[in-house]
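K.L.:
TrEMBL feature annotations, pasted as is:
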- 29-566: domain 'Major facilitator superfamily (MFS) profile' (DOMAIN)
- 29-54: transmembrane segment (TRANSMEM)
- 66-88: transmembrane segment (TRANSMEM)
- 100-117: transmembrane segment (TRANSMEM)
- 123-144: transmembrane segment (TRANSMEM)
- 156-178: transmembrane segment (TRANSMEM)
- 184-206: transmembrane segment (TRANSMEM)
- 344-367: transmembrane segment (TRANSMEM)
- 474-499: transmembrane segment (TRANSMEM)
- 511-532: transmembrane segment (TRANSMEM)
- 538-562: transmembrane segment (TRANSMEM)
């Protein structure tokens with residue numbers, strides 16, 4: 001068995017594309033269902049850019065951090081509900097219908113957001129989109145997984161992850177495309193309805209999951225679909241595997257239909273399902289607490305924390321991080337069936353921890369060397385324009401830019417700084433100019449964060465900073481965040497969804513996937529709803545260091561609880577969980593017993 005595993009480790013990725021060329025139907029299934037990942041990714045990325053312009057459009061949003069966090073996180077709240085009900089809908093009505101319902105919800109949400117006259121209506125649209133995203137996030141990988149040959153299942157489920165990161169990259173491109181168009185953020189959010197319509201049309205012509213059909217007693221229908229996916233000599237083995245799963249389910253449910261509460265109780269009392277949930281929930285929660293969606297939801301804002309003030313410049317640099325996310329996902333497709341799920345996640349977490357610690361150090365240095373506030377420069381704008389906490393402070397001469405921003409005021413950079421970095425920040429034509437390293441920043445003005453005052457500052461050809469301070473390390477911070485994305489995407493980015501599509505027994509797959517997805521979205525909600533508040537309390541440096549601590553805990557938890565499922569059929573995964581998983585060195589006793597039996 002070991003020889004087979006190692007001998008095949010080099011060819012899974014090539015096998016995936018060979019099978020896809022021989023049977024284009026397989027790739028058609030994966031790509032069509034994977035648009036659910038694209039919707040997920042687009043919504044994650046588009047709000048990060050749209051938020052910059054929503055703040056400009058609605059003054060109350062600009063002034064209230066909690067309202068910004070609510071606009072972002074209400075989609076996550078909707079996704080929690082969508083994922084929770086999605087598990088039940090998947091088991092009751094099938095994977096195909098679940099995807100179609102998610103498309104309808106997403107489309108309705110996109111239209112509501114595009115025409116929202118107030119923050120409240122915008123939030124309602126975000127909830128509708130979230131319902132669709134929540135259902136799609138768990139259903140798309142499940143559908144692909146059950147319609148894929150087991151030896152290329154990991155690579156095909158990664159198609160969903162690739163389209164997810166592709167959706168994020170597309171959202172930044174669209175954000176940039178609409179920065180100069182009237183209605184900016186309305187177009188950014190409304191365009192999201194197009195891929196939902198596309199998937200709706202494509203799914204109407206695709207079949208239901210063969211495993212779900214077999215479970216409903218439609219064996220011939222399931223066989224006909226398998227004939228289009230598997231090779232002829234693999235059909236009987238797959239049919240036999242499905243028969244064993246369904247038979248075990250019938251025996252377990254011989255006492256009749258069970259309600260959701262009873263099924264949840266049964267799931268946690270079943271050793272296989274409970275151990276699968278330990279692993280599935282662990283990786284989903286860890287995926288969020290490493291801080292990735294703070295970067296996705298607030299990427300341009302984080303770039304502004306690093307001292308890059310221009311909206312379009314922040315969006316352009318965010319596009320780079322999104323592109324790296326797509327590159328990392330392609331790497332995952334190449335390596336997941338070669339090196340395994342568990343190993344990829346552990347390596348990924350080590351890289352994430354290093355990058356978060358370095359990011360924390362960079363942001364700390366940027367805050368420490370923030371430009372000072374000039375009393376003379378500040379008062380030159382007039383008493384009505386000056387930051388009131390600054391005027392009332394007993395030791396205002398010691399203030400710098402960071403202290404000014406902590407008081408919900410803004411910093412108007414000294415015009416003398418425009419010899420270098422600020423020049424490229426003001427100019428949209430030279431978005432990616434790297435002249436940041438040649439500037440010594442002079443003291444600037446601490447002013448009231450009002451639109452009218454912002455206009456006064458910009459009228460003098462000066463740069464307005466409301467999220468971060470002028471810094472020579474801005475590009476370095478963006479570079480480290482790019483490395484963070486490259487560490488995250490191949491492992492923690494895609495593997496948790498692959499693992500959750502294959503680790504539960506068939507009879508609990510919808511329920512288990514739903515529970516894990518709800519865990520993911522709950523963790524996502526906590527992080528996205530608190531990120532801006534944390535940066536105000538702890539600073540960007542402290543926030544990233546906190547995420548590094550969470551990542552260390554995630555590394556330990558995944559090492560202890562998550563088994564390797566590479567190349568295993570669903571039924572073999574079930575047997576693995578039945579025996580129980582123990583990592584090195586706790587598995588030494590089991591290995592010694594096995595070696596002793598073999599010697600005898």
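Think of each number as a place in line: the chain as shown, counted from 1.
Each residue, glycine too, has its Cβ placed from N, Cα and C.
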K.L.:
Considering only Cβ pairs under 8 Å, which range in 344-367, 474-499, 511-532 makes the most contacts with the transmembrane segment (123-144)?
P.N.:
511-532
K.L.:
Would you kindly check 29-54, 184-206, 538-562 and say which stretch has the most C-beta pairs under 8 angstroms to the transmembrane segment (100-117)?
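P.N.:
Comparing 29-54, 184-206, 538-562 against the transmembrane segment (100-117), the winner is 184-206.
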K.L.:
Could you give the residue numbers and ranges of same-chain residues that sit at least 6 residues beyond the transmembrane segment (29-54) on either side and whose C-beta is under 8 angstroms from one of its C-beta atoms?
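P.N.:
Residues packing against the transmembrane segment (29-54) from afar: 61, 68, 71-72, 75, 99, 102-103, 106, 119, 122, 126, 129-130, 132-133, 136-137, 139-141, 143-144, 147-148, 156, 159-172, 174-176, 179, 184-185, 188-189, 192, 195-196, 198-199, 202-203, 206, 229, 293, 296-301, 311, 314-315, 318, 322.
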K.L.:
Please check if the transmembrane segment (344-367) comes into contact with the transmembrane segment (511-532), where contact means 3 or more CB pairs closer than 8 Å and the residues in each pair are separated by 6 or more positions.
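P.N.:
Contact between the transmembrane segment (344-367) and the transmembrane segment (511-532): absent.
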K.L.:
Residues sitting near the transmembrane segment (511-532): Cβ under 8 Å, six or more positions beyond its termini, same chain?
P.N.:
65, 68-70, 72-73, 76-77, 79-80, 83-88, 90-91, 134, 137-138, 142, 263-264, 267, 273, 276-277, 280-281, 284-285, 287-289, 291, 293-294, 297-298, 301, 496, 500-501, 503-504, 543
K.L.:
Cβ under 8 Å, sequence separation of at least 6 from the ends of the transmembrane segment (474-499): give me the contacting residues as numbers and ranges.
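P.N.:
Beyond its ends, the transmembrane segment (474-499) has Cβ neighbours at 137, 141, 145, 153-154, 157-158, 160-162, 165, 279-280, 283-284, 286-287, 290, 292, 295, 302-303, 305-308, 317, 320-321, 324-329, 331-333, 335-336, 341, 344-352, 354-356, 358-359, 362-363, 366, 421, 434, 436-437, 520, 562, 565.
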